[in-house]
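The block underneath contains the structure these notes are about, expressed in structure tokens.
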Amino acid sequence: LGRMKPVIVVHGGAGRIFKEREEGCRAGVVRAALRGYVVLKQGGSAVDAVEEAVRSMEDDPHFNAGEVEMDAIIMDGKNLDSGAVSAVKCIANPIKLARLVMEKTKHMLLTDHGAQLFAQAMGIPEIPGEKLITERSQERWKKNLEPDSNPEEFQKDLGTVGAVAIDSEGNVACATSTGGLSNKLIGRVGDTACIGSGGYADNHSGATSTTGHGESIMKVVLARLILYHMEQGMSPEVAADTALDYMKTRVGGLGGVIVVNKAGEWAARFSTKQMSWATVKDDNLHYGIYAGEKHIKSVDEALASEREGF
């Protein structure tokens, strides 16, 4: 036991991060990574850690896209068990519901009304929709109604968060959660809830969580593609870059990914302008938003400044 050093990597979404939100995004991914790492250090499983990290970001207004319909997926690399929910409303933590789908049903994905009924059966409290809609997204909707607004601009702001981890037993897991794409057709299901697109985890290779243009991610089955490249011997960084490059050249899609392989090597890569990310390995915290940006702190130092939040 304890032969593997635990690692967690989180992302707070790829795309445009406005200047005034940068600090909040950095703080949010750092907090999520630390929370997941504490779970791992206390002997928790990779699944526990990614759920905790994603829950932390779901509760953080900096990442809450505020859409009323949410998708989430979680996957356990040990046995390839997965649970996902799509188009759920009025629930604070869709990732928690996804985990219950994985553990309490024989199914992989519950959607809309059925997911709602399952949530009620599991005793998950409902939250009025207004509470979930952040001021930021209300502002955004107002902007969208202005005649000269460009809806495409706003579709970049996905409010997707994710985490991947490897625990001390060498098990990997992934989790991804999103508030969905604004200005979408009714009934549109994105990549997040789709296994192999929004995330994938397999102890034989590693785990990944994705963010970015959902339709493009689905076309190339991005998460599974990255693991395929790692199975062929690529490092997490090269696998991520290769897959993102393929998505860009083949279908013109941009996005970002976080990856951990079965050896505990990690990567956070993106083809968009920005992606907030953070990782903890060997008691060191790394985080950034821009390409090439990497801050490093000791976990003890970071935790000390977080204490009041725990």
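Any Cβ shown, glycine's included, is placed from N, Cα and C.
TrEMBL labels come from automatic prediction, so no person has curated them.
Residues or ranges marked as active site, nucleophile in TrEMBL: THR160.
Using a 10 Å Cβ-Cβ cutoff, ARG188 (substrate binding site) registers 13 neighbours. If you look up TrEMBL, you'll see ARG188, VAL189, GLY190, ASP191, THR211, GLY212, HIS213, GLY214 marked as substrate binding site.
Cα separation, THR211 (substrate binding site) to THR160 (active site, nucleophile), rounded: 6 Å.
Around GLY190 (substrate binding site), a 10 Å sphere centred on its CB holds 23 further CB atoms from the protein chains shown.
Non-local contacts of HIS213 (substrate binding site) by the CB criterion (under 8 A, 6+ apart in sequence, same chain) comprise GLY253, LEU254, GLY255.
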